Amino acid sequence: MVISIGFEGSANKLAIGIVKDGEVLANCRRTYITPPGEGFLPRETATHHQNNIVSLLEETIRTSGIQPEQIDIVCFTKGPGIGAPLVSVAAVARTIAQLWNKPLIPVNHCIAHIEMGRLITGSDNPTVLYVSGGNTQVIAYSGNCYRIFGETIDIAVGNCLDRFARVLKLSNDPSPGYNIEQMAKNGKKYLKLPYVVKGMDVSFSGILSYIEEKAQTLLSSGEYTPEDLCFSLQETLFAMLIETTERAMSHCQSKEVLIVGGVGCNERLQEMMKIMCDERNAILYATDERFCIDNGVMIAHTGTLMHNSGYKTTWEDTFCTQRFRTDEVEVTWRS
Amino acid sequence: MELYKQGAESKIFTTMYSDRKAIVKERFSRQYRNKLLDLNIRKERTKAEAKAILKCKQGGIATPVIYSLDLNDYKIIMEHINGQTVNEYLTNMKDKKLDDDNNLKKLLMNIGGVIGKMHSLGVFHGDLTTSNIIKKDDDTLVLIDFGLSHFNPSVEDKAVDLYVLERAFISTHSYFEHLFPVILDGYKDAYELDVQGVVNQFHNVRGRGRKRLMIG
C-alpha cells in the first residue's frame, strides 16, 4: 500500500492531491484568475502559487484525514509548464520531502493526465486526445512509450480559445474556455474559418489571427453575434481534433478514445467525439472537471506507478524543465 | 456493394465496374461536424483526390485508375488494387521476425523514390502514412488517399510531407525506427530539384515540435 501526495502548479492552477493505491483521499485546487481581457503571466502566477501553497497543503491534509507521517512518497510536476510557477511548487515539494524524509518523484505532467484518465475511466489501451491551454496531442501507447501521433504545430487549442475570449472580454472565471462554451450554446450562424489539418497534425494560430482580425467588423456590422463567433470557432477547432483523433484510431485500429486535459471537459467536444465513436463502434472515455483540469491527484497517482515499478530519483531529476515531451518518458509500469 | 473499410473520412465499398473489380470511395457526411463545414470539406477533398490521382498517373506514378467521379454524392469509383498496405506488410514482417534486410531496404528506398517523384511532379500529398501506400505483389507501390493534397507545393510543404511520414512511420513501426533514413535516401535519389533545400527544411520542421528539450 502506497500513500502518495502530488503537487501540481505548471500553469495557473495550483493543486495538491493525496491518493492511496488509486483511491482519491483529497483533491484540492486554487486557480489564479485574471481580469477579463488579460491572460496570466509567469511572475504573477508564481506569486499566487507561493502565497497559497501552504494553506492549500494544510487543507489537503485535513481533507484526506491522514497524518503526514503516513505519506510514503512526495510527487511533483517536473514539466512541461511555465518556469516560474513550476519552480515555486517544486521548491515546496522538495522541502516537504526533506522534512518528512520521504522519496521525491518527478512526474511528467502530460503522462499524469493520461494515467489519471485511465484510472478514473478504467480504459485499457485508448487513443488519447490531450487538449488543454498549453497542450494539444493525439497519443497512443506503443513500445514502452506514449507516442505522439499528432499534435499542434503552433499554439494549443485551449490557448486559441482563451485568446479569443480575451478579444470578446469574457470573464476568466472559472475559465475563459468554459465561458466560450456557454456562449457557443446560443450561437447559430456559422462563419467559415480556415480548417488546417496536416496529416495528423493541426494548426490553430492562423485561425486565431483570422477571427481576431475579422471579429470587430463582423460584430459591429451586426452580421454575427459574439455567440455565433464562439460557436463557429468551437465547431471548427473541435472538428479538426475529432478528425485527427479518428485518423490515429484508424491507423492503430484502436477502439477506445480517452479525452484528457482542461479542454476535455467541454461538453460539445465530448458530444462530437461520442458521435464519431458511435459511428465506428468505439467507446469514448471522458472525465469531468475534477480530473480533466490540472490536479494534484494525477501527479500523486503517476508517481505511485513510477515508484511501484522501481523508479529511483537521481539528484538531477529533482529539477524542473519547461520542455518535457510526452514521448521522452520511458513507461515502466505498463506491459 | 460491400463495406470494405471505414477510414477517418470515407467509407470504401467493393463493387464491380463493368467487369472489373472496383472500389467506391465515399466521403460520407460526418454527423459530428457542422453541416456547412462538412459539405465544404467533403467537396474540396473529393476534388483534390481526383486531381492528384490523375496528375500522378500522368507523371508515371502508380495510382488507382478512376472510373467515375460524382461530386454531388462525393463519390469516386476507382480501380481495386490487389496487394497489402505497407503498414500491414511491415507489421507482418515484425511479427514473423523475418530478417529480410535486403528486401526491406529495397522497399523503403522505393517508398522514398515514389515520394521524390511525386514532389518533382508538383504534387503535395498531405497525409503520407504507411497505410496510404499499397504494395502490389510485383512490388509496385501504389499511392492512395490524396484527399489533403494540392499542387505546386512549397519547399515547406514537401518537408511537411516527409515529416508527417516520419512521424507515422516511427510511431507505428517503432521496431524499424532506425531504417527511416533509407526512405530519405530513396527520396534524395528521385527528387529532381533542390534536394538539399527540402532536406534542410525537413530538419527545421522536425526541430519545431513543441516542448522539445533544448539547451539555452
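In case you wondered, yes, glycine gets a Cβ from its N, Cα and C as well.
Pulled from TrEMBL, these are the features on record:
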| type | residues | note |
| --- | --- | --- |
| BINDING | A:HIS109, A:HIS113, A:TYR130, A:ASP294 | divalent metal cation binding site |
| BINDING | A:TYR130, A:VAL131, A:SER132, A:GLY133, A:GLY134, A:ASP162, A:GLY177, A:GLU181, A:ASN266 | substrate binding site |
| DOMAIN | A:29-300 | domain 'Gcp-like' |
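Taking the features listed in TrEMBL, we show where each one sits on the structure.
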{"residue": "A:HIS109", "record": "divalent metal cation binding site", "DSSP class": "helix"}
{"residue": "A:TYR130", "record": "divalent metal cation binding site", "DSSP class": "strand"}
{"residue": "A:GLY177", "record": "substrate binding site", "DSSP class": "helix"}
{"residue": "A:ASN266", "record": "substrate binding site", "DSSP class": "coil"}
{"residue": "A:ASP294", "record": "divalent metal cation binding site", "DSSP class": "coil"}
Cα-proximity to A:ASP294 (divalent metal cation binding site), 10 Å cut-off, over binding-site residues A:SER132, A:GLY134, A:GLY177, A:ASN266: A:SER132
Proximal but sequence-remote residues of the same chain as A:ASN266 (substrate binding site) (Cβ under 8 Å, at least 6 apart): A:GLY177, A:GLU181, A:GLN234, A:PHE238
Lowest local Cβ density among A:HIS109, A:HIS113, which the record lists as binding-site residues, within 10 Å: A:HIS109
In the chain carrying A:TYR130 (divalent metal cation binding site), residues 6 or more apart in sequence that have Cβ under 8 angstroms from it: A:CYS110, A:HIS113, A:ILE114, A:THR136, A:GLN137, A:VAL138, A:ILE139, A:VAL260, A:GLY261, A:GLY264, A:THR326
Cα-to-Cα gap, A:SER132 (substrate binding site) vs A:HIS109 (divalent metal cation binding site), nearest whole Å: 12
Candidate with sparsest Cβ neighbourhood (10 Å radius) among A:GLY134, A:GLY177, the listed binding-site residues: A:GLY134
Alpha-carbon distance [A:GLY134 (substrate binding site); A:HIS109 (divalent metal cation binding site)] in Å: 11
Taken over the domain 'Gcp-like' (A:29-300), the model's mean pLDDT: 96
C-beta crowding around A:ASP294 (divalent metal cation binding site), within 10 angstroms: 27
